[in-house]
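All remarks here apply to the structure that follows.
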Amino acid sequence: MSNIVAIVGRPNVGKSTLFNRLVQRREAIVDSVSGVTRDRHYGKSDWNGKEFSVIDTGGYAVGSDDVFEEEIRKQVQLAIEEADIIIFVVDVEQGITPMDSEVAKLLRKVKKPILMAVNKVDNAMRDADAVEFYNLGLGDYFTISSINGSGTGELLDALAEKLEDAPEEKDELPRFAVVGRPNAGKSSFINALIGQERFVVTDIAGTTRDSIDTKYNRFGFDFNLVDTAGIRKKSKVKEDLEFYTVMRAVRAIEHCDVAILVLDATRGFEGQDENIFWLAEKNKKGIIILVNKWDLIEKETNTMRDFEAQVRKEIAPFTDVPILFISALTKQRIFKAIETAVEVFENRKKRIPTSKLNDTMLEIVKQYSPPAYKGKFVKIKYCMQLPTPTPQFVFFCNLPQYIRDPYKRFVENKLRELFDLKGVPIVIYFRQK
Ligand code: GDP
Ligand code: GDP
């Protein structure tokens, strides 16, 4: 049901280097995704037409050597539980170390696909040295150089074979994922929503371990909730691992149409919240932000406005994301939250007729044409929305290569202003015509 790839291995084998290579490839193809990449541990990529999420487990280890080893063991364990496919990276320069053997031992018990990548094989001479990795008992391996890219194509071919095809967009109920840091109030929000009237109609097994997709009918809407709150409490793995939160969020977000990001008002919009936000944005999911525990805030005249302004600054240029101030405790505005999520769900399916788009947008781009670049004038002739599941637009012009980011942002802002795409990530392409 999803394609989550985790990169595991001990420190310094080249996990981050491989991760960057896998993710940049994607960014080179998509020329104009709104928003920016910030978090380096999570990325979206594709190969042979199949999309996948990549998670680099490397960046999360901290602490002294002892803690370090324990952390790595935990992360590998988590990757085993949470990912769909695992890339195990080892280092031909160092050969097999005790820690490699330990990780291999964990991986040998796993039923999921495991691809072993012997990294730093920068030249053919090192191919022979890689043979020793057969001793890890994981069978065949791929020799790669994450630095110069050799061998990574073969690795990706093998990976793509194991990936699932993108599910067909079905005319289904909205799927909302309630995501956020531990203690933000996700469970409380869900409980407040469904109260005693919990109608569990279907329990679709998200994985073999747990169901995460549950259908509800509430406030006159039918919707599925993709829950990340309840499951955590059952897991045997340490709850405080940031990595775990990310893993859960990745899966929940992949399974949703709209991500409901719950913040703790007493803590503000923090790094981890931002990561989850961009995660949803990169997956082109609808987003709403709920600032929860609003009952705990001493309200001065401008508290709400200031809080909102701070969040909007962080998420620019995607600034028309609905932000609601709620309390799961007092149930303040929780109905409004679901109503807003439904609106965003509808916005995400929006199709703007070509004539309407051209009538308005061509006028605007004529009036504010792209700045001349190297003495050349860029002329936009025509635009249309692509028949993609989420809003993507293409603008045909004479010299697309001279359109710069500020102008793309200007166009995005205008589209948002004119066509109410509130809460929906959009993609804009400029193409030669
Ligand atoms: P991580 O700790 O596993 O994430 O490892 P990094 O990606 O940070 O890489 C550790 C070191 O190995 C860095 O100095 C990289 O430049 C280097 N490195 C990574 N991949 C390769 C490679 O394919 N060949 C060589 N020669 N060095 C590499
Ligand atoms: P989760 O980890 O995101 O599922 O968070 P929980 O729903 O377990 O909530 C964490 C803590 O915050 C619990 O002690 C809740 O009672 C408390 N809490 C949740 N929502 C609110 C709220 O709106 N107001 C107040 N005052 N406390 C809340």
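Positions of Cβ are set from backbone N, Cα and C atoms, glycine also.
Residues annotated as GTP 1 binding site in TrEMBL: 9-16, 56-60, 119-122. Within 10 Å of the C-beta of Val121 (GTP 1 binding site) there are 25 other C-beta atoms, taking all protein chains into account.
The GTP 2 binding site annotation in TrEMBL covers 180-187, 227-231, 292-295. Lys186 (GTP 2 binding site) falls within a helix when secondary structure is assigned with DSSP.
Over the domain 'EngA-type G' (3-167) the predicted model carries a mean pLDDT of 82. Positions annotated as domain 'EngA-type G' by TrEMBL: 3-167 (among others).
If you look up TrEMBL, you'll see 174-349 (among others) marked as domain 'EngA-type G'.
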Rounded inter-Cα distance in Å - Trp294 (GTP 2 binding site), Gly9 (GTP 1 binding site): 42
Binding-site residues close to ligand 1 - of Asn12, Lys15, Asn183, only those whose C-beta is under 6 Å away: Asn12, Lys15
Gly180 (GTP 2 binding site) in three-state DSSP notation: coil
Distance-selected binding-site residues near ligand 2 (C-beta under 6 Å), from Gly9, Asn183, Lys186: Asn183, Lys186
Asn12 (GTP 1 binding site), number of other Cβ atoms within 10 Å: 12
Other CB atoms within 10 A, centred on Trp294 (GTP 2 binding site): 22
Same-chain residues at least 6 apart in sequence whose Cβ lies under 8 Å from Gly180 (GTP 2 binding site): Lys186, Leu261, Val262, Leu263, Asp264, Asp273, Ile276
